[in-house]
Amino acid sequence: MNTTPSLWTASGPDTASHLSSGLMNSTAVAGPDMTMARQLHYIMSAIVGPILCILGFIGNLFSVAVWCRPSMKSSTARYLTGQALADILVLLMFLVCDSAQAWSPHIIYSLSYGIFFSYIGYPMLFFAVVLSVWITVGLTVDRYIMVCWITSSKKYCNEKRAYLGLALITINSFIINLPHFASFVHVTPEDTPTNSSTEPQQTFRMTEFGGGAGGQFYEFWIHCIILILIPWVSVLTMNIMIIRKIGQSNKKTADRKSRDSVKKCRQSENQITRLLLTVTFAFLVFIGLQCIIQCFEMQKPEWADRAQVSSAFAFAKTGIVFNSSLNFVFYCLSGRRFRKEFLRLFRLVKKDTHSSSNEDRSRSSTKRSTSSTGI
């Protein structure tokens, strides 16, 4: 098994030790203690990551097909469609920027790959990650308004507002990610100083900004803290408030409902709670783990074992792939309506008139709850 470091190790002592926001392999420490770390990076980049990416491609395409069905029209469905598309971009960029270097280590000596990696692959990967994270925030805000600000939901939670929100998130994610376009530069043979070494030279390297204090400041404070940690805390806080609000509302109305109505209300509450806990818990775990380990990699505390941190980061960097690959599974497990629409997509379930009328009545009686979750 080839254990050559696969992910974005630039030449030179300064750039080799620099760990970019999100997915840079730690190989600055040599010796036998790093052997296991290199093997873990290879397994995650060349085997586990690609398998997840392929499954994620299929799942996200199915998600887009379901959320775009006419019967699924809602602001939440538009956000979930945008998130699926962003996740597809994350998975694609992971394959070409990370897995490709694990499969074929000599690709870093290709000039065309160096140009692609420096100006397209590397910055677009982090753009896709930031876009996916902040679409999750937009989706959570949409649900929060639907549940906690019921009187304002009709004004702010509609498809037109969702498209506007997605456009603003996309534009802002691209603008805030512009420094990544200046982090790497391609290197031609003419730019490489001549020496007695006949070894091929890597065709991309970090710029002075990327490897300097400015790049370090951007990666840690702007990208990690503001663009990742703040969304993480926001999603956690809003979902706790959503769950509490749903519980309070159902408790207040339980005494005025029949036993069947109370049962249906509780079932609806449990369904919403399951969706919130599964999708949000996955986001918080995978992104939170990646952010914590990334901070260790960037700050390099003296008390931390570099080999252990690098081994942990091998799993943490794949957390982004997990987060972008498993949403379809969570939708199927937690969303009854999503499962029905997915089966109808392949004509595996017939929509009869009686069930359709019951579903319409149920949907109108619980309009706010269902539209807030897209179920």
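First residue shown is number 1, and so on along the chain.
From the backbone N, Cα and C atoms, a Cβ is placed for every residue, glycine too.
Unlike curated records, TrEMBL annotations are generated automatically.
Some features that TrEMBL has for this protein:
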{"type": "DOMAIN", "residues": "59-331", "note": "domain 'G-protein coupled receptors family 1 profile'"}
{"type": "REGION", "residues": "355-375", "note": "region 'Disordered'"}
{"type": "TRANSMEM", "residues": "42-67", "note": "transmembrane segment"}
{"type": "TRANSMEM", "residues": "79-96", "note": "transmembrane segment"}
{"type": "TRANSMEM", "residues": "116-141", "note": "transmembrane segment"}
{"type": "TRANSMEM", "residues": "162-182", "note": "transmembrane segment"}
{"type": "TRANSMEM", "residues": "220-242", "note": "transmembrane segment"}
{"type": "TRANSMEM", "residues": "272-293", "note": "transmembrane segment"}
{"type": "TRANSMEM", "residues": "313-334", "note": "transmembrane segment"}
_With Cβ-Cβ distances below 8 Å as the criterion, list the same-chain residues six or more beyond the ends of the transmembrane segment (79-96) that contact it, or say none._
23, 49-50, 52-53, 56-57, 60-61, 63-64, 67-68, 116, 121, 124-125, 128-129, 131-132, 135-136, 138-139, 142, 162, 165-166, 169, 320-321, 323-325, 327, 374
*Recorded stretch, among 42-67, 116-141, 162-182, 313-334, maximising Cβ pairs under 8 Å relative to the transmembrane segment (220-242)*: 116-141
*Does the transmembrane segment (42-67) come near the transmembrane segment (313-334), with 3+ Cβ pairs under 8 Å (pairs 6 or more apart)?*
yes
_Outside the transmembrane segment (116-141), six or more residues from its ends: residues with CB under 8 Å to it_ = 8, 20-23, 76, 79-80, 82-83, 86-87, 89-90, 93-94, 96-97, 165-166, 169-170, 172-174, 176-177, 180-181, 183-186, 204, 223, 227-228, 231, 234-235, 238-239, 242, 280, 283, 287, 320, 323-324
